[in-house]
Amino acid sequence: YAWDANEEYLFKAMVAFAMRRYSSKSTTQISNVLLCNVTDRVSFWFVVTDSSKNVTTVPGSEVEAAIRMNRNRINNAFLLSDKTLQFLKITSTLSPPVEPSTPVWLIVFGVVLCLIVAGIVFLVISGIRKHKKKNKESTERENLEEKVEVTLENGIPCEVLDIKAGHVNGVFAADDERFTSL
Amino acid sequence: LSAAPEIPKEDGRPKWDNKFQYILSCIGFAVGLGNVWRFPYLCQIHGGGAFLIPYFIALIFEGIPLLHLELALGQYLRKGSIGAWNTISPYLRGIGVASWMVSILISLYYNTVLTWVMWYFINSFQEPLPWSVCPLNENRTGFNEECHESTAVNYFWYRKTLNITPDIAESGRFQWWLILCLAACWAIVYLCTIRGIETTGKAIYVTAIFPYLVLTIFLIQGLTLPGATEGLIYLFTPNLSTLKNPRVWLDAATQIFFSLSLGFGGLIAFASYNPTKNDCEKDAVTVAIVNSMTSLYASIPVFSVLGFKATTAYWDCLDRNIINIINEFDLPEESIMRQNYTSWISFLNSSYPEKIAGLKLKSCDLQEFLDQSVSGTGLAFIVFTQAIILMPGSQAWAILFFIMLFSLGLSSMFGNIEGVFTPLLELQIVPKSAPKELLSGIICLISFLIALCFTLGSGSYWIDIFDRYASSVPLLVIAFFEVTGVVYIYKIKRFSKGVEWMTGRKLNLYWQITWRFISPLLLLIVFTAFVTLQMQKPPSYAAWNPKYEGFPMKEEKVYPAWVQAICVLLAALPCVCLPLAALFHLVKQKCRSKDPSFVPPEAFSCQRANI
């Protein structure tokens, strides 16, 4: 927006408003605020007079304090910020950064660590299970081989007994009870 | 003398699920953080596009032959580094031991760099990014002094992350946040290497491919940023006169050598899990070319972003000057723009020279901003993070960038750990009945405990020392003895017969020439030049000292004597293993030959060496 007489009027109004709020006197009028040396750069000097006290100017420190108190409102009235609307000799108080109760990074770290630990536990347990299954399989295989050997090496191989002519005592052994049941 | 190895088909050795996993693991091992933060820097300071000439010459005559040698060795002998060199010749066992020690030393400090990356990653979820604003001082009237004098990015790196001490002799305290991140990093490494290549083979699909995705995203984004073209032009404009400087050739040779991760024993370990009938020649050429292409590909987004950062800094400089001039001369707003700044300045200088001099304007030169070249951790944690703040949607870019760095480093860690793990597995330190998970757990736990000393206040100075001394000289020595050992002790005729059997075709003349003469000669030259350059000036380091007069410039300090002794120890310890192991074997032979009852083991060693 362009800077014209209406904007100057608004500025005078804001300064008057700031003075009223600061000193709680409702005597400051727009006519009390005087602008001078307005340049194209849009920079100017201004003073605030006190009509109740014989047209003297209000001390600069009071004006500074008033403006500092209401800086936010003045900025917003002109849609500007501390950087774009500069009052010489009035530094802005810096707002502290917002600190959440637990630092954010600790939360993220907790999430990451939980995932890692879950992964490790899963892999270790699956490894142990695989190990156990392999052990069980190998012992089962060993047992099977033993059974096969037993039937072959039981003194005389049983097949040889069948081939040789011999009498099988029917009293002691029935066909299907040749091997002791396990 | 048969060339076929007497290796049974089913020897219970773990193997890769498929060829792609193996190639990807080798590429992941070779492609690491150095491709992103060292190669672009070297390109920039050594004349841009002209640097590619010595780089590719070094690749052809040094990189590819050495890579092929290591892969062929591991694949042929099917053993890790210690076992493989023992098989070549028991006197050369020292090479394997040296590789193993170097892998340990490097794993220790490399994972600490990943700790820093992880710390930045978990801090990237905040709004605003913690390295973009300075914290306030105690009475809230202004910013923290150390931060105000340097930049917010520097402050976050040196104070909030490292909490660095002003001198290496002052150890400072343990930084608990770094210990947490270090524990998490070693836990991730354990998770991925828990069962050796069974688990790393699955993890590598993610960690090796993801960086390329992110680099592409950064490439597209980087090219759209203002000032990217300036950065790229600056990077690639060839300046052929730099080639006259021998330093450029040395840097190219060392960059190729360290970039391909040669001499660690990790490549031998990876190749040993291959089936023997595998074309290792093609693999070597593939891995080397992919590694170099990745370096080139990574330098494009890096330099787009750096160009963007330099342009933004240049514009800021101009804007500050413009504001000062406008305030001084009370000119209307927007009368001086960046485009007509120079004409205005010359006009004002001629009409009101005293006023202009009184303003003390900083001279803004884009070249000067582009010339501020950084490599290593400075590039990632200071320069790049500053550039990320300026991009829209900075959290997302920061998260992507740090995950990419983490993946790059993690895939290299797999190779390092494999270089430690495989020889230990073969030496059967842990009884065979104990699960592999136990050995990898022990390695990770011990490494974590030792690496805790890098989380002290002076930790980053120590990491610089490890980087400069433990990972440079020993590797050159190991590689030199690797080539000469295979070519002249094992005899290249025997080895080439083995390679022919594996690949199915006769060994090319190129390999014969490079293995026999060019590579050993080149390594010798590089080694002597490197050591000479190091010896020329007393080893010094740049310390971050807030009380220094020239702060925020870093203070140049010389290492104290005890630190220099440690540097020499780090460089010499792996190298000393070579003659020590040979001597040890010689003594053992002499003792055995004196004992008549003992069957001379020469028969065995002859047989084993005759594979």
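Just so it is clear, glycine is given a Cβ too, placed from its N, Cα and C backbone atoms.
Caution: TrEMBL annotation is automatic and unverified by curators.
Features of the protein shown, as given by TrEMBL:
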type     : residues                                                                   : note
TRANSMEM : B:20-39                                                                    : transmembrane segment
BINDING  : B:Gly28, B:Ala30, B:Val31, B:Asn35, B:Ser259, B:Asn291, B:Leu408, B:Ser412 : Na(+) binding site
TRANSMEM : B:51-73                                                                    : transmembrane segment
TRANSMEM : B:94-122                                                                   : transmembrane segment
TRANSMEM : B:174-192                                                                  : transmembrane segment
TRANSMEM : B:204-228                                                                  : transmembrane segment
TRANSMEM : B:248-273                                                                  : transmembrane segment
TRANSMEM : B:396-417                                                                  : transmembrane segment
TRANSMEM : B:438-463                                                                  : transmembrane segment
TRANSMEM : B:469-492                                                                  : transmembrane segment
TRANSMEM : B:513-533                                                                  : transmembrane segment
TRANSMEM : B:561-587                                                                  : transmembrane segment
Inset, instruction - Enumerate the residues of the same chain, B:Gly28, B:Ala30, B:Val31, B:Asn35, B:Ser259, B:Asn291, B:Leu408, B:Ser412 excluded, that satisfy the criterion Cβ within 8 A of the mean position of the Cβ atoms of the recorded Na(+) site; list them in sequence order. - result: B:Ile27, B:Phe29, B:Gly32, B:Gly34, B:Ser261, B:Thr294, B:Ser411
Inset, instruction - Could you check if the transmembrane segment (B:174-192) is in contact with the transmembrane segment (B:396-417), meaning 3+ Cβ pairs under 8 Å among residue pairs at least 6 apart in sequence? - result: yes
Inset, instruction - Run the contact check on the transmembrane segment (B:20-39) against the transmembrane segment (B:561-587): 3 or more C-beta pairs under 8 Å, excluding pairs closer than 6 in sequence. - result: no
Inset, instruction - May I ask you to report the DSSP-based helix, strand or coil state of B:Val31 (Na(+) binding site)? - result: coil
Inset, instruction - With Cβ distances under 8 Å as the criterion, find the stretch in B:51-73, B:94-122, B:248-273, B:438-463 that has the most pairs with the transmembrane segment (B:469-492). - result: B:94-122
Inset, instruction - Could you tell me whether the transmembrane segment (B:438-463) and the transmembrane segment (B:248-273) have 3+ CB pairs under 8 A, leaving out pairs under 6 positions apart? - result: no
Inset, instruction - Establish whether the number of Cβ pairs under 8 Å between the transmembrane segment (B:561-587) and the transmembrane segment (B:94-122) reaches at least three, counting only pairs separated by 6 or more residues. - result: yes
Legend entry - Set of same-chain residues at least 6 away whose C-beta sits under 8 angstroms from B:Gly28 (Na(+) binding site): B:Ile204, B:Thr207, B:Ala208, B:Ser411, B:Ser412, B:Phe414, B:Gly415
Legend entry - Cβ neighbours within the same chain of B:Asn35 (Na(+) binding site) - under 8 Å, at least six residues apart: B:Ser259, B:Asn291, B:Thr294, B:Ser295, B:Ala298, B:Leu408
Inset, instruction - Tell me the Cβ contacts of B:Ala30 (Na(+) binding site) under 8 Å, same chain only and six or more apart in sequence, or just say none. - result: B:Ser259, B:Leu260, B:Ser261, B:Val287, B:Ala288, B:Val290, B:Asn291, B:Ser412
